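According to Swiss-Prot:
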type	residues	note
TOPO_DOM	1-73	topological domain 'Mitochondrial matrix'
MOD_RES	Lys4	N6-succinyllysine
MOD_RES	Lys4	N6-acetyllysine
MOD_RES	Lys28	N6-acetyllysine
MOD_RES	Ser31	phosphoserine
MOD_RES	Ser33	phosphoserine
MOD_RES	Lys35	N6-succinyllysine
MOD_RES	Lys35	N6-acetyllysine
MOD_RES	Lys42	N6-acetyllysine
TRANSMEM	74-99	transmembrane segment
TOPO_DOM	100-144	topological domain 'Mitochondrial intermembrane'
Amino acid sequence: SVVKSEDFSLPAYMDRRDHPLPEVAHVKHLSASQKALKEKEKASWSSLSMDEKVELYRIKFKESFAEMNRGSNEWKTVVGGAMFFIGFTALVIMWQKHYVYGPLPQSFDKEWVAKQTKRMLDMKVNPIQGLASKWDYEKNEWKK
C-alpha cells in the first residue's frame, strides 16, 4: 500500500487570530449532504435555517473567534508539574539533611560566637577601624 504524503507547497488550514481568513476551507472533502448544502448556499440565504448556516460556517472554519479566544487548561498541567518537582526537591533536601549532612559545627552556636567575640575584644583585634574600635573598654560596652 502506498501512503500519500501531504503536499506542503499548497496552503494549509490554520485557525489563527492574527490571520482570520485562511486560504483554504477547513473541510477539504465534502460529504453528499455538505455538497447539497453548498448548492443551497448559492440561493438566497434567507431560505437557510440557523443550523444550516452554522453547518456552512463549520465547513469553512473549524473554530469561531470566541472558541479561539477561549483559554486552555494547559496552565493547570504546568502548575501541577512545577508543584510536583518542587515537592520532590523538598523531599530530597529533607532526606539530605537527615542522612547526608552531619550536625552543625560548634562554631555556629550562639554561646561560641559570644565567646569568640569576647576573645577578639580582649585581643584588641583591628583597633582602628574594626571590631575593637567600636567597643568602649572603660565602660565595658559597645560605643554609641
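For all residues, glycine too, the Cβ spot is worked out from N, Cα and C.
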Inquiry  = When you rank Ser31, Ser33, Lys35, Lys42 by Cα distance to Lys4 (N6-succinyllysine), which of the modified residues ends up on top as the closest?
reply    = Ser31
Query = Near the topological domain 'Mitochondrial intermembrane' (100-144), which same-chain residues lie under 8 Å Cβ to Cβ, leaving out any that are not at least 6 residues past its ends?
reply = none
For Lys35 (N6-succinyllysine), the number of other Cβ atoms found within 10 Å of its own Cβ = 10
